[in-house]
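Feature annotations, reproduced from TrEMBL:
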- His104: active site, proton donor (ACT_SITE)
- Gly12, Ser13, Asn14: N(1)-(5-phospho-beta-D-ribosyl)glycinamide binding site (BINDING)
- Asn102: (6R)-10-formyltetrahydrofolate binding site (BINDING)
- 2-182: domain 'Formyl transferase N-terminal' (DOMAIN)
- Asp145: site 'Raises pKa of active site His' (SITE)
Amino acid sequence: MKRIVLFASGSGSNVENIVHYFQDNSEVTIATVFTNKSDAKVLERCNRLKISSLYFNKTSFYDNDCILDILKGINPDLIILAGFLWKIPEKLVKNFPNKIVNIHPALLPKYGGKGMYGMNVHNAVKDNNEQETGITIHFVNENYDEGAIISQIKTKITPEDTPEDIAKKIHELEYEHFPKVIAQILHG
Ligand code: GAR
């Protein structure tokens, strides 16, 4: 049995999609969903989906080993960041080498780094009149959005597309590809 844990900071629509994708798979289990926001919509989704969830604060993530120890206890095969906005502390990267995977809503290395998340990314893509954007699935290292790239998938942007249209296109790509890429990583 492979164990996945998920980290999310907001809506959690990717979390829900990943849960649905693996729900009939007897070889993969979603152990817990971690969130750093006590009012994140992802918590409502977890309740509805009957998935265990855990809210944590800055102290337990950065200052002491609370979250690290919980993760060591779970011993996950993969830690998936699905819309998680805090920087991953070095101790986590060191303890779970090549096991932490992030999805970024643009074609890295463009539109990455601190502050580049969610609509900020799509607004910047629109402001620069890009003709394409996409998603990047990558391993996490000590620096924001700089770990080894696992997969990138592109989509076209028309001049009429608003940042909201771009966000929708990106979410569609994420729903289609992220769970499949997770399954591929899990099976080597
Ligand atoms: C997703 O588009 C994900 O790529 C992005 O946040 C969104 C979360 O949506 N992640 C980042 O921007 C990370 N820098 P969701 O909560 O509906 O899954």
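Placed from the backbone N, Cα and C atoms, the Cβ positions cover glycine too.
Note that TrEMBL annotation is computational and uncurated.
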Any of the recorded positions Gly12, Ser13, Asp145 with a C-beta atom under 6 A from ligand 1? Give them in order, or none.
Gly12, Ser13
Using a 10 angstroms cut-off on Cβ to Cβ distances, just flag whichever of Gly12, Ser13, Asn102, His104, Asp145 is the loneliest among these recorded positions.
Ser13
Residues sitting within 8 A of the centre of the Gly12, Ser13, Asn14 CB atoms (N(1)-(5-phospho-beta-D-ribosyl)glycinamide site), not counting those, run Ala8, Gly10, Ser11, Val15, Glu16, Asn17, Ile18, Val42, Arg45, Ala82, Gly83
DSSP says Ser13 (N(1)-(5-phospho-beta-D-ribosyl)glycinamide binding site), in three-state terms, is helix
Provide, as an integer number of angstrom, the distance between the C-alpha atoms of Asp145 (site 'Raises pKa of active site His') and Asn14 (N(1)-(5-phospho-beta-D-ribosyl)glycinamide binding site).
18
Could you check what DSSP calls the residue listed as 'active site, proton donor' once collapsed to helix, strand or coil?
strand
